[in-house]
Amino acid sequence: MAVNTLLSTAPSRVFLSFPNPSPNPSPQLHSQFHGLSLKLTRQSIPLATAPKPLSVVAVTKKAVAVLKGTSSVEGVVTLSQEDDGPTTVSVRITGLTPGNHGFHLHEFGDTTNGCMSTGAHFNPNGMTHGAPEDDVRHAGDLGNIIANAEGVAEATIVDTQIPLSGPNAVIGRALVVHELEDDLGKGGHELSLTTGNAGGRLACGVVGLTPI
């Protein structure tokens, strides 16, 4: 009841007084309402907390291609890439004749006409054929894999021109193993600068993303 009486008799005017600036790091704001005093300090106003720093998490991408052909040649190729780093290609192909065999990434993942419909080597930069370590090469030039006496070729290839994402991603394209050795563009044959004179296409498989 005392509070109600006080408010009902209080004048309608409100007087605010501000102290002179002082070195006090917590200045106060005084408000007088007919005998009532309210003090505000900077500490009484909650401040927004600073955002937490962002953490960068490595992104791993993986893909696989299952190679099949009209002969007994078959195999599995897995590809993996960390962030924007090089792509690691793990190859295991069986049924080959012993020796070197050209191994390339081709432009299309179209196998409606077998390996012949996979197109030419993947070549987004318009280069001539070369070795994987050459500056001038097709992006799809992965060199040779070597089959042992049992016809099994196992290899690990690390390459920077066959990413699993981005405008030149290899997803949906095809890996092809060839009949002959790739001359890496240095054989002097009329096909050296286009196919490496690697002969027929023994088996192929479309590159597709796989769960990590």
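Glycine is treated like the rest: Cβ placed from N, Cα and C.
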Query: Out of His101, His129, which is the one Swiss-Prot records at the Zn(2+) site of His121, His138, Asp141?
result: His129
- request: Can you tell me which recorded positions out of His129, His138, Asp141, Cys204 are within 10 A of His178 (Cu cation binding site) by Cα, answering none if there aren't any?
  value: Cys204
- prompt: From the centroid of the CB atoms of His121, His129, His138, Asp141, the recorded Zn(2+) site, which same-chain residues not already listed sit within 8 A by their CB, in sequence order?
  reply: His104, Phe122, Asn123, Met127, Thr128, Gly130, Arg137, Ala139, Gly140, Gly185, Thr194, Thr195, Gly196
Message: Excluding near sequence neighbours, so keeping only residues 6 or more apart in the same chain, what lies with its CB under 8 A of Cys204 (disulfide bond)?
response: Leu67, Lys68, Gly69, His106, Thr111, Gly114, Cys115, Thr118, Ala174, Leu175, Val176, Val177
